[in-house]
Amino acid sequence: MKDILLGINVDHIATLRQARGTSYPDPAHAASLAEHAGADGITIHLREDRRHIQDRDVYVMAKTIQTRMNLEIAVTDEMIDIALDVKPAYVCLVPEKREELTTEGGLDVVGNLDKIKAAVAKLIDGGIKVSLFIDADKAQLDAAKACNAPYVEIHTGAYADAQTDVEMSKELEHIRQGVKYAASLGLIVNAGHGLHYHNVKPIAAMEDIYELNIGHAIVARAAIDGLDKAVRDMKRLMIEARA
Ligand SMILES: CC(=O)[C@@H](O)[C@H](O)COP(=O)(O)O
Ligand SMILES: NCC(=O)COP(=O)(O)O
C-alpha cells in the first residue's frame, strides 16, 4: 500500500501568538520543527479576518518552508492576488464565514461554479496546484472536476464532530464513498479537519487518500507534551536568579 502523507497545519501556533500580540510562538519556527519531525508539507489558512496567520507569516514561510506550502484561502480577489504573489506549491480554496469558530462544511462548488472555475484557472496559470475543500458529496465532486481542480480535500469535520457511534459510522461511510468516487474521477484526494489521535485511523486507512492535513490536535498535544520541560526551564531560571 502507498504511504499516506501528513500536512501539518500551524494556524494555532499563530492563534497563541495573536492572543497576546507577542512575536512568539512563531508559526514559521513551528513549521520548521514539524518538517524536522517528518511533516510532508505545511498548511496555513490566511483568514480574511487575520485571526491567526498574518500576511507576514505567509511571506516568511514562503522563504523558510523546505517541503511545500499549502495555502488555504477564501475565494476572494484579495486572497487570490496574495496567492499569485506568494506562489505557494498548493492553494486550497475554502469557504469562510467571519463569525464561525472554525470552518463549517465544504465549499459550495455547485452553487458557485463559474466563480470557482475562474479562480482555479487563475491560480493554475500562476503555476500553483489547486485543491478544493469540499464535503464528500457526488455533486460537489463532479463540480470540482468541472472546475479543473486537480486536487480535492474532503472535509472530515462532520465525522470528527459525530456524537454517537452510529453517526460516526454513517459519516465515515459517506467519506469512504466520496473518496472512492473522487478517485474514480481522477482527482487526487486529500482529507482533513477535526482529525485527532482517536479518530484518525479509519480515515488514514482509506487507500485512495493521498494526504491528511491535521493541525489543532497536534498543536494541542504539543502544548501538553511540552509542558513538563517548559515548567522545569522556568523554575530553573528563577532558582538561578538567587544562586
Ligand atoms: C479550512 C480548514 O480545513 C480548516 O481546518 C482550517 O485550516 C483551520 O483553520 P481554522 O481553525 O481557523 O478553522
Ligand atoms: N484543512 C484541514 C486542516 O488544515 C487542519 O484542520 P484541523 O486539524 O486544525 O481541524
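For all residues, glycine too, the Cβ spot is worked out from N, Cα and C.
Bear in mind that TrEMBL entries carry predicted annotations, made automatically and left uncurated.
Predicted, not measured: the structure shown is a model, and the values here were computed from it.
TrEMBL annotates Asp11, His12, Arg47, His52 as 1-deoxy-D-xylulose 5-phosphate-binding residues; of Thr64, Thr67, Thr102, the candidate listed for that same site is Thr102. Summary: among the recorded positions (Asp11, Glu72, Glu153), the fewest other C-beta atoms within 10 A of the C-beta are counted at Asp11. The separation of His193 (active site, proton donor) from Asn9 (3-amino-2-oxopropyl phosphate binding site), Cα to Cα, is 10 Å. Ranking the binding-site residues Asn9, Thr102 by C-beta neighbours within 10 Å puts Asn9 at the top. The Cβ neighbour count for His12 (1-deoxy-D-xylulose 5-phosphate binding site), using a 10 Å radius over every protein chain in view, is 22.
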